[in-house]
Amino acid sequence: MNGHLEAEEQQDQRPDQELTGSWGHGPRSTLVRAKAMAPPPPPLAASTPLLHGEFGSYPARGPRFALTLTSQALHIQRLRPKPEARPRGGLVPLAEVSGCCTLRSRSPSDSAAYFCIYTYPRGRRGARRRATRTFRADGAATYEENRAEAQRWATALTCLLRGLPLPGDGEITPDLLPRPPRLLLLVNPFGGRGLAWQWCKNHVLPMISEAGLSFNLIQTERQNHARELVQGLSLSEWDGIVTVSGDGLLHEVLNGLLDRPDWEEAVKMPVGILPCGSGNALAGAVNQHGGFEPALGLDLLLNCSLLLCRGGGHPLDLLSVTLASGSRCFSFLSVAWGFVSDVDIQSERFRALGSARFTLGTVLGLATLHTYRGRLSYLPATVEPASPTPAHSLPRAKSELTLTPDPAPPMAHSPLHRSVSDLPLPLPQPALASPGSPEPLPILSLNGGGPELAGDWGGAGDAPLSPDPLLSSPPGSPKAALHSPVSEGAPVIPPSSGLPLPTPDARVGASTCGPPDHLLPPLGTPLPPDWVTLEGDFVLMLAISPSHLGADLVAAPHARFDDGLVHLCWVRSGISRAALLRLFLAMERGSHFSLGCPQLGYAAARAFRLEPLTPRGVLTVDGEQVEYGPLQAQMHPGIGTLLTGPPGCPGREP
């Protein structure tokens, strides 16, 4: 027993393996990234068997199984000691799989090889939980032959997860797999309710390690820290930038990319978002695009992490917003005026509640409902999209209120910008890891780290397993390692990391680069005759790009990431508080346009101008308050790239 425990401990202490993290050798050009992010070939029929075989279990004294791999799932049927008439839990959808690896026994006399899959199925209460399953390849007399069979299955499964084609009649070997992508993770450790770093460490990092992705990680420390970093980033060394926070951090990243002299190349860098903030609108849209049911909190994070592990980019529209002072910024989400922006900014003091702050802010806003006089002008879309009334309403997300964290002790530091620091959680601020860092992240145990499913799912055995040394990146060996925090100074970032050294005079203001707004005349000048103008008293005006205004608010249910449209929604004065509340309740299902509210208006546009005529008010861009006054905006279709998972992956959940 002592030997077994010691072996398991040694397994957890195995050294990091080098993750080069590229989709090919040499610098990463836009062409290389485009090929890597290209949509996969048309999928095979979901029921077409790709592989079939008989395997044992781990430990060896367990039952035996017949495995069948299709393009959508791994089918498992127990053969011995007692065949199953009706297999229970014998279907593992690939939509729930983060990755797989091959393993070998530490016993020299064991000629079997093993492959392990990492899954995140839903439990009885609907929440996801991590589970592993390990299968024993023992049909051949030698370890080399059994290892080849285990690698064949692991390679085929990985190809399906990443949308890579399998050879029709060719041999399936690890050579089919490209080198793993290298991601830069930017984490706001105080995001949302102060859980961002905890969730990143406990859920995100293990999952992307299981997927075999290479990553480096840095925690943001101040306002516009992320913007400064990406402004000087060596883009050729990275295949994607992923923010672990709310919508505000991605706003900084995109504006930093567009503020570079090489913005035309920089804006094509794939970006992703893993929701750990209080405002997770884009993540809600990604979740819906991936086919998952609406979710909040940790469940939404796990859904988006699964999609990130699958890879795959999607064109992303970006809105260029010119403010009254002439400065310009870029939006991927929304421009709001009136009730929505009032709630967003005035609910700041309730940020510790997470997304529930908006519910409370809405109730308080209804109690003091204001109207604003203004003028909205827009250039109608050349081709109008389908009616904004959805064919059917979307299901509501489960409540996040049960995920309230323990209160964190206060920390003595100056307040930071809302997109950088939301709660004073006392956590270290490590710098980005360099290759060969001596302090690796905790290694995942082979058969645990999370709850196991009951029954035939793998458990600890008498002969612990170790990673197959011939595989490029077994799970649990992330390249990212966290340095000790640097006191009172800027983090030391090695030149090999591909990151710029932060400088005090880095530009953090409005963007001076980016595409020209050829549809917009200068602010204050007359608009062309083909524009439509509305003037009057409004309760709110919202210009939104994706479908979601919040993780559980579907403001434009028909919107797509690359439809080239800005979706204008407004509510005129005269609406009652009860009717406005009904609109927002219906927005949780995306059915608010079907209520027939006479004050609710909608238009699809390519550009718009908003001129507030009320002397006081609040304007927000992507949830961030901007200067109050006239503004105008133009949509630039598909100039960005968003990591969303492969098209059509996964199918709508049952």
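Glycine is no exception: its Cβ is also placed from the backbone N, Cα and C atoms.
Database features (Swiss-Prot):
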ACT_SITE  D247  active site, proton donor/acceptor
BINDING   188-190, 220-224, E252, 277-279, R351, R357, 622-624  ATP binding site
BINDING   S245, G246, D247, G248, D344  substrate binding site
COMPBIAS  1-17  compositional bias 'Basic and acidic residues'
COMPBIAS  447-461  compositional bias 'Gly residues'
COMPBIAS  462-482  compositional bias 'Low complexity'
MOD_RES   S387  phosphoserine
MOD_RES   S393  phosphoserine
MOD_RES   S399  phosphoserine
MOD_RES   S419  phosphoserine
MOD_RES   S421  phosphoserine
MOD_RES   S477  phosphoserine
MOTIF     122-130  motif 'Nuclear localization signal'
MOTIF     416-425  motif 'Nuclear export signal'
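The structure, with features from Swiss-Prot marked on it.
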| residue | record | DSSP (3 states) |
| --- | --- | --- |
| N188 | ATP binding site | coil |
| T220 | ATP binding site | coil |
| S245 | substrate binding site | strand |
| G277 | ATP binding site | coil |
| D344 | substrate binding site | helix |
| G623 | ATP binding site | coil |
Next on the checklist: Are there recorded positions among S245, D247, D344 that sit within 10 Å of G277 (ATP binding site), Cα to Cα? If so, list them; otherwise say none.
Outcome noted: S245, D247
Checklist outcome for this item: Smallest Cα-Cα separation from Q223 (ATP binding site) among the recorded positions G246, D247, G248, D344 is shown by G248
Checklist entry - Counting every protein chain present, what is the number of Cβ atoms, excluding its own, within 10 Å of the Cβ of G623 (ATP binding site)? => result 25
Checklist entry - How big is the Cα-to-Cα gap, in Å, between the residue listed as 'active site, proton donor/acceptor' and G623 (ATP binding site)? => result 8
Checklist outcome for this item: S245, G246, D247, G248, D344 bind substrate per the record; greatest CA separation between any two, in Å, is 17
Checklist outcome for this item: argmin Cα dist to G623 (ATP binding site) over the binding-site residues S245, G246, D344 returns D344
Checklist entry - Could you count the residues of the motif 'Nuclear localization signal' (122-130) that DSSP puts in helix, in strand and in coil? => result 0 helix, 2 strand, 7 coil
Next on the checklist: Which one is it: of the binding-site residues N188, T220, Q223, S245, which Cβ has the fewest other Cβ atoms within 10 Å in this structure?
Outcome noted: Q223
Checklist entry - Rounded to the nearest angstrom, how far is the Cα of T220 (ATP binding site) from the Cα of S245 (substrate binding site)? => result 10
